[in-house]
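See below for the structure under consideration.
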């Protein structure tokens with residue numbers, strides 16, 4: 001049963017992140033996920049200090065607030081100050097993370113959080129974190145419920161906004177000519193990423209969130225040109241990674257999040273090598289020439 | 001105040017180590033960071049700093065102790081591999097740089113996490129404190145570390161100095177560098193190695209996550225103060241050194257405060273200040289210039305209304321009612337009122353109650369703007385072959401920009417004309 005809950009949690013996070021990650025990759029914004037997942041640290045520390053507990057809701061609110069603050073700052077520095085995007089991301093999230101560590105040090109006695117938990121997460125504790133109703137019935141692990149809701153919301157969001165997301169990702173100019181607000185959809189997507197990152201990192205950690213956001217979509221991107229196929233392949237890969245990652249960790253007796261990240265890398269390397277081998281001769285020659 | 005004197009007298013050897021170490025680390029990181037930033041690879045530092053984890057673990061497993069030199073070698077190897085992997089993925093597939101960076105970062109760190117759990121289970125007593133390498137502990141810098149850092153920083157300084165011109169050229173104009181016969185790919189590899197070296201040295205002080213900031217935050221700030229690359233590198237190094245010093249000072253006065261994060265917060269503060277207030281490029285000066293230009297345009301357009309009314313009625317020195325002005329041109333009324341007040345203050349208009357009229361100076365300025373407008377319209381129709389009914393909007397913009405030199409040039413080229421394409425007179429002052 002423990003294995004089932006952990007794999008289910010991993011799969012839920014992986015599918016949610018993967019679906020959003022497809023759009024991030026197409027928009028060349030993958031690192032925004034990295035930024036958000038680190039920028040949540042000061043948010044959870046402040047939420048902890050204010051609420052005095054590790055209740056889920058204040059944590060989510062605090063983390064969500066700083067996650068969105070990070071996306072806003074990145075966009076603001078990029079648009080207003082003309083800072084290149086990658087630098088805007090780097091400056092913003094490191095600043096917020098540093099503030100988080102300083103807050104932890106300043107309130108060392110009061111805060112039961114450290115930076116490891118943000119980076120690593122602890123998916124192995126998921127089955128212990130049970131949801132018990134008022135009359136004592138055990139409903140199963142709480143994160144599974146939370147993550148299911150998140151997956152549902154994200155799926156509905158992508159289903160309803162599919163056309164807009166697709167257009168603003170591939171051809172922003174055409175999209176705005178059709179009257180679709182690129183800024184609106186940018187912020188909606190960012191909000192969805194923040195929301196997902198924030199609800200996932202507690203169970204799987206920032207690093208695995210990044211791996212799930214980028215790994216499966218990047219692998220799928222190598223295999224197809226069709227966005228719908230890309231989303232489908234991502235979902236399949238995500239479930240596969242969660243499953244094999246868990247059993248690899250079980251077998252090696254090692255970090256589950258780490259193993260899932262390793263399997264993600266393995267999938268990518270496998271597909272990448274196959275693509276290199278069966279690449280048509282002509283295009284290979286051209287690439288070689290360009291490289292030389 | 002007392003602690004400030006204590007601190008800067010450097011009488012405590014511990015303070016000396018931490019300060020010198022911090023300053024060296026941040027200076028060398030900032031220097032390499034300037035080139036990374038210009039090559040638009042700002043997040044590469046983040047990938048490298050995460051990718052050193054498996055190297056550190058491997059070095060620990062191999063040596064069984066926390067020997068700094070071994071750790072640095074291990075970290076260097078995996079950090080370097082990560083960068084090569086990013087370059088390879090982007091060169092050989094349609095995956096973009098950002099996705100490659102994120103992928104490599106998370107997968108390498110994942111490998112490190114797996115090795116970490118293995119080390120923890122091995123029960124080797126020396127493992128405690130291994131995470132200082134990952135999360136950073138600048139305050140624990142000791143003499144022997146300092147020697148290693150000084151050597152590494154010196155290497156970075158010398159190599160960057162030697163290849164300064166080549167790096168600059170590659171950063172700004174790759175094809176040109178290639179055409180000149182520079183070994184561009186080897187230079188890339190060299191810069192890659194330098195980046196890894198800077199990250200590996202810095203990571204013990206600030207940790208995995210914050211290392212990216214040590215590289216690029218000072219450089220990003222410096223970019224706002226100059227367009228000259230030598231100055232930019234110099235400013236970045238200065239910002240980095242200041243941040244290193246400030247971080248060390250803060251954790252000296254408040255020992256519970258971590259040095260690394262404070263270094264990052266200080267250099268972020270410098271960067272934010274630069275983004276907002278740096279002359280010319282900052283947000284505030286830019287807004288100010290924009291505001292000023294808008295004012296000038298509003299003023300010149302208002303003066304033009306008076307001129308056009310003058311043309312219509314045949315006399316330029318009459319007084320005009322507010323309604324007369326708003327009837328002549330579509331304007332925002334509050335804006336017009338404010339502009340009228342400013343023009344009166346500049347003595348270009350005189351006001352009597354709710355009536356306004358041009359002064360001599362005002363008339364001259366209004367005439368000049370109208371004249372430029374019509375000269376430009378004529379230029380567009382006669383030289384660019386644009387139809388007379390299409391030239392107005394363009395002239396409406398350029399009339400605020402043309403300089404007296406250009407005005408003379410236009411006049412000469414058009415043969416000192418009297419009439420514009422709409423057959424109205426081009427006024428002379």
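Every residue gets a Cβ built from N, Cα and C, even glycine.
Here is what TrEMBL says about this protein:
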TRANSMEM  A:6-26  transmembrane segment
TRANSMEM  A:35-53  transmembrane segment
TRANSMEM  A:59-77  transmembrane segment
TRANSMEM  A:89-109  transmembrane segment
TRANSMEM  A:144-162  transmembrane segment
TRANSMEM  A:174-198  transmembrane segment
TRANSMEM  A:204-223  transmembrane segment
TRANSMEM  A:230-249  transmembrane segment
TRANSMEM  A:255-274  transmembrane segment
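Touching of the transmembrane segment (A:230-249) and the transmembrane segment (A:174-198) is ruled out by the presence of fewer than three CB pairs under 8 A, sequence neighbours closer than 6 excluded. Spatially, the transmembrane segment (A:174-198) is not adjacent to the transmembrane segment (A:89-109); fewer than three Cβ-Cβ distances between them are under 8 Å for residues at least 6 apart in sequence. In this chain, the transmembrane segment (A:35-53) lies apart from the transmembrane segment (A:144-162): fewer than three C-beta pairs between them fall below 8 angstroms, excluding pairs fewer than 6 positions apart.
Counted over residue pairs 6 or more apart, the CB atoms of the transmembrane segment (A:89-109) and the transmembrane segment (A:59-77) come under 8 Å in at least three pairs, which marks the two as touching. Cβ atoms under 8 Å from those of the transmembrane segment (A:6-26) belong to residues 32-33, 123-124, 126-127, 141, 143-144, 147-148, 150-151, 154-155, 158, 165, 169-170, 189, 192-193, 196-197, 200, 203-204, 208-209, 212-214, 216-218, 220-221, 227, 230-231, 234-235, 237-239, 241-243, 245-246, 256, 260 of the same chain, restricted to positions at least 6 beyond its ends.
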